[in-house]
Amino acid sequence: MESGEGDQGGLLCILKDAEGIALGNHMFLPQSVTPQQLQHIVNQLLNNHEKLPYSFIYRTWNLLDLSLIIWNQTKALIIVYQPQAIFRVRPIYRCSSTITGHQDAVVSVAFSPDGQQLASGSGDTTVRLWDLNTQTPLYICKGHTSHVLCVSWSPDGKHLVSGGKSGEILSWDPLTGKQLGSTIKGHKSWVNAIAWEPVHITAPCRRFVSVSKDGVARIWDIVLRKPLLSLSGHTDSVTCVKWSGDGVIYTGSVDRTIKVWETSEGKLIRELKGHGHRINSISLSTDFILHTGAFDHTGKQYSSAEEMKKVALERYNKMKGNKPELLVSGSDDRTMFLWEPFVSKQPKTRITGHQQVINQVCFSPDGQWIATASYDKSVKIWNGITGNFVATLRGHVGKVYQISWSADSRFLLSCSADTTLKVWDLRTRKLKQDLPGHADEVYAIDWSSVGEKVASGGKDKTLKLWMG
């Protein structure tokens, strides 16, 4: 780095938030200043009554010690401060249980929003619900006629729906494992993904959207068990979907476009173009809050839908702040685009770096980072505000299929065709733990919202639970 030191026995610094807005004036800080002292300064400048934890970043590295920096004092050292989760997740170190039962590959796993239940979907046509206390199968849910490709929990935790390769959607009671009502039919080909209307918009949850290889997105009412709206406009398979906190639906497609839909009449309100090949994945900066709704690490349960809606809205507004929701998309064209869909139909930035297909993109729970999983055997980290490159995480020797963040945004989990899971430390940008154990490719992972457990499933037909 550059050399030089301030005339006043310290380093000339300026504190800025992730969007580059300065906090206070320039200041001289001693090189012996600690992150704890910086946290005290930020809390004072922000007039925080409750002292909140912050992390500090210089360039793209977490700042642990100013003495490591030798700076040219012709300009101020810019230190970026970012809020941290108040609770801390322990990294995952060991496999606590290997659960057999599925007769074919496990292709989807999902913890409930409160982190207390787990569902898996398999090529054996079943959905299974698991007892996380005894780590044994709780219910085997039968009804699909072909592979179960996706499972999705409503944000209030009351409903579980699954989509199959035959185009059908089934609804399950998480408490009994029984199918609720008849099979929901409408799609002409397999169901690729499902997303629910956020609980801070409607409680109890009723509406969800499914997207299919048939090129159509459909909005359903879980109570009426019938389609409400058909969103037609894509010219090829719809691969991914998000229902945003602002109430609109985003759909990504093999036709290389992202379409934005309003949900009262199903009208197309915007089209986002730029990708040169199929879109595989999209993620919103508010994804974690939209998935967990009113639930957090405290384990609090709610007696009424109104209370749940109120708390969920408070959590959403606190996370989003005054900024618009951001959307990131990943494609077979090896690029990502970062969008501000309510600001412009043009991308905020185009992001390059991967050498092969990008299979998944995922915002961190705090919205500060974007992680990407690629067939080039790497995971990459990007700044969630600017899209700037941060780090490449290397260690997998096969295609990387999925990624999942810890609830406090400090760790990232990845799974691969190389049969392993890997835990990465965002602070050091290095491998924290290698998790071998599967006998074949690992297709699906999820990290519980309360941070205690990870689930993985793959080609070896087993479901594994991992703990810290």
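Even glycines carry a Cβ here, placed using N, Cα and C.
Since this is a predicted model, take the numbers as computed values, not measurements.
TrEMBL has this to say about the protein:
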type: DOMAIN; residues: 16-59; note: domain 'NLE'
type: REPEAT; residues: 99-140; note: repeat 'WD'
type: REPEAT; residues: 141-182; note: repeat 'WD'
type: REPEAT; residues: 184-222; note: repeat 'WD'
type: REPEAT; residues: 231-271; note: repeat 'WD'
type: REPEAT; residues: 351-392; note: repeat 'WD'
type: REPEAT; residues: 393-434; note: repeat 'WD'
type: REPEAT; residues: 435-468; note: repeat 'WD'
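Taking Cβ pairs closer than 8 Å, the repeat 'WD' (141-182) reaches residues 104, 107-114, 117, 119-123, 125-129, 188-196, 198-199, 203-205, 208, 210, 212, 214, 220, 222, 225, 290-295, 305, 308, 312 in its own chain, all 6 or more past its ends. Mapped onto DSSP classes, the domain 'NLE' (16-59) shows 11 helix, 14 strand, 19 coil. The repeat 'WD' (231-271) shares the most Cβ pairs under 8 Å with 184-222, out of the stretches 99-140, 184-222, 351-392, 393-434, 435-468. At the 8 Å Cβ cutoff, the repeat 'WD' (435-468) and the repeat 'WD' (99-140) share at least 3 close pairs (sequence separation 6 or more) and count as touching. DSSP states for the repeat 'WD' (231-271), grouped as helix (H, G, I), strand (E, B) and coil, give 0 helix, 21 strand, 20 coil. In terms of DSSP helix, strand and coil, the repeat 'WD' (141-182) has 0 helix, 18 strand, 24 coil. Mean pLDDT for the repeat 'WD' (99-140) in this predicted model: 93. Residues 146-147, 149-150, 152-156, 158-159, 161, 163-171, 228-232, 234-245, 247, 249, 251, 253, 255, 261, 263, 266, 290, 293-294, 305-306, 308-309, 312-313, 315-316 of the same chain sit 6 or more residues outside the repeat 'WD' (184-222) yet have a Cβ under 8 Å from a Cβ within it.
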